[in-house]
Amino acid sequence: MAKLIVSDLDLKGKKVLVRVDFNVPIKNGVIGDDNRIVAALPTIKYIIEHGGKAILLSHLGRVKSDADKKELSLRPVAERLSELLKKPVTFVPENEGKEVEETIDKMKDGDVIVLENTRFQDIDNDFGKRESKNDPKLGEYWASLGDVFVNDAFGTAHRSHASNVGIATAMKKAGKPAAAGFLLEKEIKFLGDAVENPVHPFVTILGGAKVSDKIGVIENLIPKSDHILIGGGMAYTFLAAQGHKIGKSLFEADKVELAKELLAKAGDKIVLPVDNVAATEFSNDAPHEVVGDDIPDNEMGLDIGPKTVEKFRDILKDAKTVVWNGPMGAFEMPNYAEGTLEVGRALADLKDAVTIIGGGDSTAAAKQLGIAPKISHISTGGGASLNYLEGKELPGIACVSDK
């Protein structure tokens with residue numbers, strides 16, 4: 001079912017509540033990476049260019065105490081947004097109450113305000129975690145501040161919070177529209193097409209430490225993928241399931257039987273490393289060597305090896321749809337980063353394919369290589385994109401009105 005999009009709405013003179021994802025790394029008031037702020041710009045600009053009054057809501061980090069409040073204010077985000085928009089942005093140091101209401105009442109068409117961190121509602125109240133547990137009264141209150149609601153926060157789409165599901169539910173109950181922003185629309189389009197209607201050959205690349213994090217993705221994508229390439233720590237659970245020696249490598253002993261079942265179900269679709277970069281300990285400075293698919297007892301696998309890279313490249317060269325989630329090794333250490341970087345290069349070399357990257361380390365690799373412009377879509381949601389690839393319904397998308 002097609003969702004209502006911000007561009008379907010008449011925004012002139014309207015108070016537009018926008019749930020954005022401004023959950024950016026901040027230390028001592030300094031933003032480490034403003035990508036999520038930049039990703040929200042198309043929706044914000046569209047609203048103000050069409051005469052709407054943009055009222056922005058976001059969480060930032062996990063708020064457990066008053067001390068966290070000092071570190072996790074959205075004030076630096078509002079200042080950065082003002083620089084990016086090249087116009088004043090008003091920051092309101094509350095997200096409920098008289099100051100919020102008076103500031104909104106004074107807004108003119110095209111104005112932008114940022115309310116304080118929604119998760120400040122998770123402490124100092126009788127309900128408990130009002131935001132994270134979706135207190136309906138909080139959702140109703142926020143909904144009362146606006147004429148329309150736009151959800152543009154894919155990063156929290158897998159969570160049912162007051163600031164997404166709560167507002168949307170109250171809006172629809174009041175006969176007001178709840179629409180998707182352009183970022184959410186883009187995520188739905190790219191991930192939805194990949195999961196539901198991929199152009200073949202469709203190759204899934206999965207990495208990261210744990211099989212348990214990706215079980216749902218593998219099960220959902222076995223029937224849809226032509227190949228599933230597996231690297232990272234999770235590969236050693238699969239290699240153990242095949243009877244290979246894995247030395248001191250990270251693996252999940254309680255998931256070996258499950259890995260056997262997945263291998264049986266997938267047939268030859270699952271492709272595992274044929275060689276590995278192994279070291280005596282988990283350290284960049286440890287002696288390391290390339291070994292085959294059996295790892296010596298005193299060593300651990302920390303990256304895919306050069307033959308595996310070539311095998312993966314050979315499969316990828318014919319792909320028309322590629323989804324990549326998770327690193328191929330201990331990417332944070334230069335000596336074990338090459339497998340991840342090579343997979344990134346292979347994706348960048350594809351000319352006529354839809355390429356989608358999700359997950360922090362895969363995204364970081366794309367940025368390190370400078371290949372982001374060559375990738376069709378880099379997802380802004382870690383957990384949300386995994387849930388989508390599992391075929392789960394995401395509350396933050398389900399709550400948006402259908403067209």
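Note: Cβ is positioned from N, Cα and C throughout, glycine not excepted.
According to DSSP, ARG119 (substrate binding site) sits within a helical segment. Feature annotation from Swiss-Prot assigns substrate binding site to ASP21, PHE22, ASN23, ARG36, HIS59, LEU60, GLY61, ARG62, ARG119, ARG159.
Listed in sequence order, ASP361 are the same-chain residues at least 6 apart in sequence whose CB falls under 8 Å from the CB of GLU332 (ATP binding site). Swiss-Prot lists LYS214, GLY301, GLU332, GLY359, GLY360, ASP361, SER362 with the feature ATP binding site, giving sequence analysis as the kind of evidence.
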In sequence order, what residues of the same chain, 6+ apart, have a Cβ less than 8 Å from the Cβ of SER362 (ATP binding site)?
-> GLY207, TRP324, ASN325, GLY326, PRO327, THR340, GLY344
Counting distance between Cα atoms, which of the binding-site residues ASN23, GLY61, ARG119 is nearest GLY359 (ATP binding site)?
-> ASN23
C-alpha spacing of GLY360 (ATP binding site) relative to HIS59 (substrate binding site), in angstrom = 18
Can you tell which of the binding-site residues LYS214, GLY301, GLY360 lies nearest to ARG119 (substrate binding site) in space, using Cα positions?
-> GLY360
Which one is it: of the binding-site residues LYS214, GLY301, GLY360, whose Cα lies the shortest distance from the Cα of ASN23 (substrate binding site)?
-> GLY360
Pop the Cα-Cα gap between ASP21 (substrate binding site) and LYS214 (ATP binding site) into the table, whole Å please.
-> 24
Per DSSP (helix/strand/coil reduction), ASP361 (ATP binding site) sits in helix
